[in-house]
Each structure stands twice: as structure tokens, then as C-alpha cells.
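Below: the structure, in C-alpha cells.
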Amino acid sequence: MSEETNPFESLQSQIDDAAAYLDVGDDVIERLKHPERVLETNLTIERDDGDLERFKAFRSQFNGDRGPYKGGIRYHPGVSRDEVKALSGWMTYKTAIVDIPLGGGKGGIIIDPADYSESELERLTRSFAKELRPMVGEDRDVPAPDVNTGQREMNWIKDTYETLENTSEPGVVTGKALDSGGSEGRVDATGRSTVIAAREAFDYLDKDIEGATVAVQGYGNAGWIAARLIDEMGATVVAASDSSGGIYNPDGFDPVAAKDHKNETGSVVGFEGSEEEITNEDVLTLDVDLLIPAALENAVDADLAEDVEADVISEAANGPLTPAADEVLEAKDVFVIPDILANAGGVTVSYFEWVQNRQRFYWSEQRVNEELEGVIVDAFDALIEAYEEHDLENPRTAAYVVAIQRVADAFEEAGSWP
Ligand code: NAD
């Protein structure tokens, strides 16, 4: 998040924007703007040299009206209480727009994991899992990977929890390795939802995805999978970038070969299928039919948005457009598929993992992909219904209108409690 933008304030203003179109009282909206609770804890672990070090960690449980809290745990020096609160709120509305029976949560530890050994990270992760133990569980709160955490950390959390609880409960976390109860299709899920949502948007706008030109900013897990899948749909990927720079070929290139090049050299730059090397900014402002930002938040600000020429943007990344950029793009009639829908494939397949863990019955990759397709198409249809019904100015507000209404309905249906 940028220094100037407090993410928690951004979340609250997005809720306020949508509230104007909702049949929900101000008192309920007030509830939906704040987390139910936030754990702030200090973890002290032994370094490999015998010294002790303290780390601050958080877990925000934003809303559980629709089901157990759900959301990742990130390890990053920029983690803060407000960032974790905001991210847990976005998870609440992400699970609601795709209509899976989960709430929203998020956690984090203030640390740069690159400075620590694997055994130090294991001690830290197990120490956090011990603190989280009373509040997590497959029916309470289900963490997942986020920035700088992955299958390894989830396997440690699961093992710590199961050991302390003397049970077998793989659904206490998702994003696990396949042998530890993970799901087929999880790795591709975010890129897959990004392109399914884009295909639906093109259909809605009466545009053809076949032959459409596509630029992808960020060629990591979300970006490269989106590039591969949109190419399989018949679109032409003409540009891609990573932190080292961008590549461009107006006739298109093979996204898999570009990824192979990145695996070998560390970057897409220098790929033989590229005609021209361009900057990261150039990738965002190319005259293409579809832009997929799949790197970091706040990649496009208001100034850059003035130069964006794409017709449709599908947000694989979380928060890639600043609120000011959103306004510029809305004025230019760019159709932006918001992150809470476009990248919701990740949490949706996490939900499938949780379902499979509970059933102790594991699905084929084909079944996972088919179920994901249905969830994303339904969510897109619900967004369009709200977009048209309220004559909204942008699809992001439409997504929040649908999501907030669903959470508010669950809260009100539960009735009052002293
Ligand atoms: P990743 O680390 O695998 O990839 C990030 C990519 O962005 C890398 O290729 C990196 O080189 C590139 N990058 C960094 N700075 C850049 C810059 N200035 N310009 C161009 N490229 C740059 O991460 P990921 O898992 O693909 O996540 C990407 C985004 O998608 C994040 O915002 C993340 O929150 C979001 N997301 C990911 C998932 C998931 O399941 N992976 C789910 C939901 C949301």
C-alpha cells in the first residue's frame, strides 16, 4: 500500500460508496465497516545464534455473518494493524460476491522473511499457530497463504494445530500441499477466475475474446497463468512485464515460452519472442483490448490512468488501481472488473479445498475447474444485475452493492442477541 493511502480508510470509503444504493440501515453499515475483533500479539522466538527476537503479529476477524472467517497470513515488513483490518474487510466482500459460505479474515507478521533461516521461520510460524489456536478451526477461522507464505507455512500451521488439539483437522488451513490435503487446481485458480471474468465482460460488451489483444503486468503466479489461459481462449498476448521490465510483440507471443524464459533467466526481459523491450509503464498504457494488472497494489494512479488505452481491465492483483485512477477510467468508459471478483478464484478453490477436507473426498482437477467456472459466472451475472438495476457508474460499486447486501442480509436474518 502506498504511504499516502490508508487501506482501512479506502475500504470504508468503498463501503460508503456502495451504501448509497443499498437497502441497509446506517447502523448496520456502521457494523460492516469495522472488524469484529483483532488479535495483536508479540511472538518471541530463538534465533539460530541463541538470541531472542520479538515480532509483532495480527489476526483480524472482520466478519463471520456468512460463515467462518477466511483469509491469508502475510509475512512482510509493511504489515500493519490497519492493513490487516482492511485486507480482512476485502476478504469479507470477496467471499460474499462469489457467494461462498465464508466470512473474512486476514493475518500478518511484521518481518522480512528473506533475513531468516527456514528453521527460524518454522519456529515463528508454529509460535503464531499456538497463539491462533483458540480462534482458528475449520468452523471458526481458516487461514491461507498470502504474500511470502505458501504451502510450507500452511503445513506447519496445520501440524501445530492438530498436535495441540490431538486431532486430524486438515480444513483448519487451506493452500496446503496436495499430500497434506491441498486441492487440485489451486495454483491456477486466480489466473483462471481473472480470464473467466474477462471472457464474461467481453461477452457482455459484445466484444470478441477471440483475437483480442492482451497486456499482462506482472508475470508471477496470477499473471502468467492468466496469460496462458487467455491465449488458450484464442486471445493474443502481446505484452508482459515483471519487476525487471516489459516485452512487446504486436503479433503476439507464446506465453508458455515466455514463462520458460523467465524460469531460466529470472525475467521475461530478453525473451526471443519479443520484438521490442518496453517499460513497465508502457505495458499498462498499450492500446490493447484487455489489460490484466497482476503485480502490486496501486500500480495505476490517476496520471497513468489518463494514458491507459485498454477497453477492459481484469484485476488479478489486489487493489492495482488507486481510487483516483478509478475515477479517471470511469470517465473514459473503461470496464474494470474489480479484484474482489476477478481474483476470487484463489479463495473459491480454497473453499473447495476446505469442502474436500471435511468430506475426506478429493475431487479431480476437471471437477474443481468446472465448479470454479460456475461460481465466477454466477458472480459476474449478479454484478451485472446490480450494475443495470441501479444504473451504476462502475462495476466495482456494483460488486460491493451485491456483496454488502448479502452480508447485511445474513446479519439481519440472524436476529438480535443481547
Ligand atoms: P507473484 O510474486 O507470483 O508475482 C508477482 C509478479 O509481479 C512477479 O512476476 C514480479 O516480478 C512482478 N512485479 C513486481 N513489481 C512489478 C512492477 N512494478 N511491474 C511489473 N511487474 C512487477 O505474486 P502473485 O501470487 O502472482 O500475486 C500477484 C497479485 O495477485 C498480488 O496483488 C496478489 O495479492 C494478487 N492475488 C494473488 C492470488 C494468488 O492466488 N496467487 C490470489 C488473489 C490475489
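Yeah, the Cβs are placed from backbone N, Cα and C, and that goes for glycine too.
Automatic, uncurated: that is what TrEMBL annotation is.
Here TrEMBL has LYS70, SER350 binding substrate, and the candidate from LYS33, LYS94, LYS130 in that same listed site is LYS94. For the binding-site residues shown (THR190, ASN221, SER350), fewest C-beta neighbours within 10 angstroms: ASN221. Listed in sequence order, the binding-site residues among LYS94, THR190, ASN221, SER350 whose CB lies under 6 angstroms from an atom of ligand 1 come out as THR190, ASN221. Among the recorded positions LYS70, ASP146, THR190, SER350, the ones whose Cα sits within 10 Å of the Cα of LYS106 (active site, proton donor) are LYS70, ASP146, in sequence order. Long-range Cβ neighbours of LYS94 (substrate binding site) (same chain, at least 6 residues apart, Cβ-Cβ under 8 Å): GLY104, ASP339, ILE340, LEU341, ALA344, VAL347, ALA403. According to DSSP, ASP146 (site 'Important for catalysis') is assigned to coil rather than to any helix or strand. Report note: the substrate site is defined by LYS70, LYS94, SER350, and the residues of the same chain whose CB lies within 8 Å of the CB centroid of those residues, excluding them, are GLY71, MET91, THR95, ILE100, LEU102, GLY104, ALA144, ALA344, GLY346, VAL347, THR348, TYR351.
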